[in-house]
Amino acid sequence: MSKIQNVKKLLRSKEINVRDLVQESLLKINKGSHNRLNCFITLEDMHTLDSAIKHSQDRYNNGTERRLEGIPIALKDNYTTKGIKTTCASKMLKDYVPTFDSTVAKLLKDEGAIIIGKTNMDEFAMGSSSTSGYFGSVVNPWSEKSKEKKELVAGGSSGGSAACVAADYVLASIGSDTGGSIRQPAAYCGVVGFKPSYGTISRYGLISYASSLDTPGVFSKNVDDASLLLDILIKQDMDHDATSISSPFKSIDESYQNYKKNKSIKDLVFGIPMDYLVKELDQEILDLWKKVVDDIEAAGGKVVPVSLPHTKYALPSYYLLATSEASSNLARFDGIRFGHRASSSTNQADEGWGQGLKQMYKDNRTEGFGEEVKKRILLGTMALSRGSIDNYYSKAQKIRRLISQDFKSVFKGTNTPQDPTQIKVDVIITPTSPTGAFEIDSHLDPINMYINDIMTIPSNMAGVPSVSIPLKLSKKNNTPLGLQLISKRLNDDLLLFASDLVMNLSADKEFK
Amino acid sequence: MQSLKNSIVGLHKRWSLLNSTANVINRRSYTTQQLTNGNITHTDNLNQCSNDYIRDKSGDLWELVVGVEIHAQTKTKEKLFSNSANIGSVDGLQANSRVSFTDAAFPGTLPILNQSCVEQAIKTGISIGGEINPVSFFDRKHYFYQDLPLGYQITQYTDPIVRGGKMILTLNDGRQHTIRISHIQLEQDSGKSIHDMHPTQSLVDLNRAGIGLMEIVSHADFRSSEQVGLYIKKLQHLLKHVGSSDANMQLGELRCDINISVHKPNTPLGTRVELKNMISPKAIMSSINAEAKRQIQLLEQGLPITRETRGFNQETGETFHMRTKEGEVDYRFFPEPDLPPLVINPTWIETIRESLGEMPEDMKKRIISLYQLSDYEASLLIEDFRIALFFEKSIHHNTQEPRLAKSILPWITRDIFSFINDNNTSFDQINLTIDQFTEFLDLIKTDYLSPRTGKEILSLILKGDKRSPKAITDALGLSQISDDLVLDQLCQSVVLAHPKEVNEYRSGRDRVFKFFVGEIMKKTKGRSSPEKVNTFLRKYLDNK
């Protein structure tokens with residue numbers, strides 16, 4: 001099943017070579033016009049990639065190829081890459097060239113991956129549509145196939161990474177997920193988007209939005225490829241990230257393969273949280289959700305209703321916590337050591353002691369940040385301010401704990417009110433988002449925009465692994481629809497297994 | 001108290017302290033507990049505590065209330081959250097040459113806690129008798145400034161690493177006063193802003209940014225500038241003793257913020273003012289005196305005290321306005337999400353406790369009782385615990401019979417100390433081995449070396465002579481003439497050679513005896529034992 005393994009086999013057998021593979025990828029990206037879907041903020045070319053291509057080809061020639069040798073991979077533009085511009089889709093960092101590699105970039109390179117570009121996103125990963133960035137909107141590759149042929153959003157904030165896998169530019173890409181930024185664009189673009197347990201992949205070099213929620217993760221066409229990438233990226237990084245943990249599985253891929261060999265759907269219990277049945281839910285997605293339940297039961301799997309009662313508080317508390325942390329994390333962008341320096345601020349000495357400095361901060365940040373970022377910095381600053389922290393930040397933290405306990409009791413089997421047997425649930429199934437991809441210029445008001453994250457946010461709050469898998473095409477618009485699977489913290493291997501089962505069981509042939 | 005009196009009386013004649021008879025009452029009935037149990041408006045104790053009050057011209061009493069925050073840089077190789085070098089106070093390094101991506105807050109960097117800094121904070125906590133919190137947390141404190149790259153300082157706001165502790169001060173008049181310590185928090189130092197090197201720009205040096213600081217916060221238990229001075233010196237001594245900080249104020253390794261207010265006893269506390277940027281204990285004491293005076297003058301005129309931060313001008317001896325607290329930013333403290341809780345294993349604390357050995361106060365008590373030293377002598381020795389240990393070792397080193405403490409002490413407290421002071425060095429840098437020193441002591445004891453020439457020999461060794469004291473003595477021909485027969489004959493010949501002086505002596509002029517001693521010393525170049533010279537001279541002068 002693994003597409004990466006198949007391509008590697010072709011490279012090994014010399015049916016194709018690394019140069020052609022990379023070339024083909026770049027040609028696809030630029031087909032029609034340069035960077036046609038605006039997936040990339042920075043795109044490498046054959047010249048800049050030349051030595052990496054040669055090196056990879058040499059390794060194939062002498063049989064020392066590594067796990068991603070010569071495979072083109074795209075990286076979201078909030079991961080630092082040494083010598084390659086990293087902008088976070090912000091004017092603030094539009095010319096910023098990092099001096100060090102993020103751990104994610106380093107691990108990929110160490111396995112021979114060829115980073116062909118940095119993908120477009122919402123500015124500083126704040127958004128659900130990849131339309132808020134300084135470099136414009138990402139276009140969903142399904143737009144052309146959709147019935148109305150209008151430009152659709154790719155979702156966000158990792159829209160570029162999701163779109164470039166959906167468009168077959170690359171076999172896999174890297175995103176980051178703070179409140180759904182991998183899973184929601186995966187659903188909109190019809191690819192697998194996996195957000196592992198918080199702390200399993202190092203955040204070093206991932207430019208922080210909300211530290212306690214930010215989770216690196218992967219996009220791919222199938223679960224096998226996701227598993228391979230996770231196997232490379234899940235590694236404790238004690239020297240660089242204090243929130244990085246050691247994982248219980250020695251190799252997640254091995255563990256996933258063992259599940260596939262030794263277990264079947266009959267060994268799993270699936271939970272359906274009624275709390276996710278929100279009024280905004282699209283009928284087609286509801287139907288898909290029901291169909292998957294039927295499919296699982298028909299295949300001999302067990303499905304039970306579960307209760308996650310604090311879900312309804314997740315959205316407001318998320319927007320308080322994430323913005324609070326963001327207001328703090330983004331304080332370093334002052335334009336002094338790096339980043340945007342407003343031209344009006346160069347000579348302010350005549351304004352008196354300290355006034356020049358204050359004005360410089362104001363000018364740099366007012367000009368450097370976009371509207372959504374400013375909105376969130378203001379909201380977070382308010383939530384942490386002396387008069388508000390008790391009512392906002394602190395309350396939200398308490399709600400976060402309750403949400404986390406909701407998940408724990410479901411996975412422990414102590415919270416399934418409609419089921420007297422109090423059965424232990426392995427995997428929760430929900431929609432990924434209430435709707436499919438919407439039109440790029442549909443001008444949603446902020447609240448409607450935030451509601452897009454309603455299904456994905458609880459997993460970030462609890463730090464549990466969750467994944468969006470593509471299953472169907474909307475009859476209405478011929479665009480992808482996906483579901484979300486969630487498992488117990490650090491059961492990422494089991495979650496991979498369940499995702500693979502459900503895809504095999506219920507996915508349309510487009511997604512197999 | 002003396003210095004407060006001097007400065008207040010000296011600058012403005014209308015200020016005076018209560019008369020000294022109060023001191024007598026004090027020593028008898030003063031207890032620390034009454035002052036420091038948190039109830040600081042204690043009319044009951046008015047008489048007992050009276051010499052901690054200031055009396056103005058109209059006869060009103062004022063009480064000084066001071067709290068002290070000390071920032072001490074941790075003595076560690078690396079910074080608190082990065083692996084760049086902690087250069088502490090080293091001057092002359094190129095600006096921004098010891099800065100990692102983390103220190104400069106480059107996008108994507110994260111803090112990693114340096115265990116050695118934690119260890120130093122634990123050492124400090126133990127040494128002040130504080131509780132080490134098994135779980136503590138880091139918080140972010142936000143403000144924008146050019147030398148604060150993150151836009152926030154990582155500090156410990158709600159649950160610091162050390163809670164409680166105390167310091168008992170022995171005041172100059174002999175009373176004891178306890179200062180309670182609220183807590184110690186670990187936090188990052190900021191960079192340095194340099195405003196005087198460019199006409200229109202501020203320069204920033206981030207070499208200091210991110211160095212670990214232990215902020216030691218006292219309760220407002222100080223009632224005089226003397227107490228503050230003693231506290232700072234004692235804390236400096238303690239930090240150096242346990243090795244957690246070099247604590248040099250001139251070099252900025254230890255900095256001190258003072259919160260100061262005055263009020264009349266039995267009235268609510270006054271508005272407090274913060275004093276910053278003083279560079280020595282002496283400057284701190286002067287600034288407190290000056291600020292107390294300023295506040296009392298204002299209050300006497302019916303003027304309010306403004307909450308503000310003030311600096312101290314050493315030349316004018318006055319404090320000056322730096323900034324008002326009203327314009328203070330909201331720091332928006334919240335838990336640092338990049339760092340998990342700091343969990344400290346109790347066995348680690350115990351290991352550190354054991355490794356610390358004896359605290360200065362305990363050492364002092366022990367050597368006083370063990371070697372019958374005076375409080376003063378013991379205080380001198382423990383000023384540098386390595387000296388105290390050297391002293392103890394010299395009692396037993398290479399000998400069955402312990403050497404007498406009294407015979408050792410003067411050599412240390414007089415000769416060695418003055419050498420250290422004169423050469424501006426420290427004990428661990430001087431050339432004196434325990435073998436040399438004890439051999440030296442034994443040469444004196446056996447009269448091989450007279451104390452007078454001994455001074456010279458010791459001085460030579462301290463200056464770097466690596467030979468044994470005996471070798472030096474012999475090489476210079478300075479050994480004492482201990483052959484009694486030679487000395488006896490010499491005395492006889494001197495007496496016979498001066499009949500006139502002999503007659504004067506015998507007619508009752510005792511002073512002439514010194515003349516004969518002088519003659520012998522001249523002839524022996526000082527190498528004769530004074531007692532023996534006395535005995536032989538008396539023999540020939542008196543027995544005729």
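Placement of Cβ uses the backbone N, Cα and C atoms for every residue, glycine included.
Any TrEMBL annotation is an automated prediction that lacks curation.
Keep in mind that what you see is a predicted model, and the values were worked out from it rather than measured.
Here is what TrEMBL records for this protein:
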type	residues	note
DOMAIN	A:22-496	domain 'Amidase'
ACT_SITE	A:K76	active site, charge relay system
ACT_SITE	A:S157	active site, charge relay system
ACT_SITE	A:S181	active site, acyl-ester intermediate
Within its own chain, what residues at least 6 apart in sequence put their Cβ under 8 Å from the Cβ of A:K76 (active site, charge relay system), listed in sequence order? A:K118, A:T119, A:M121, A:A125, A:S158, A:G160, A:S161, A:S173, A:I174, A:G175, A:S176
Cα-Cα separation of the residue listed as 'active site, acyl-ester intermediate' and A:S157 (active site, charge relay system), in Å? 5
So what's the mean pLDDT when you look at the domain 'Amidase' (A:22-496)? 94
Which state, by DSSP, holds the residue listed as 'active site, acyl-ester intermediate': helix, strand or coil? coil
Around the Cβ of A:S157 (active site, charge relay system), other Cβ atoms found within 10 Å total 37
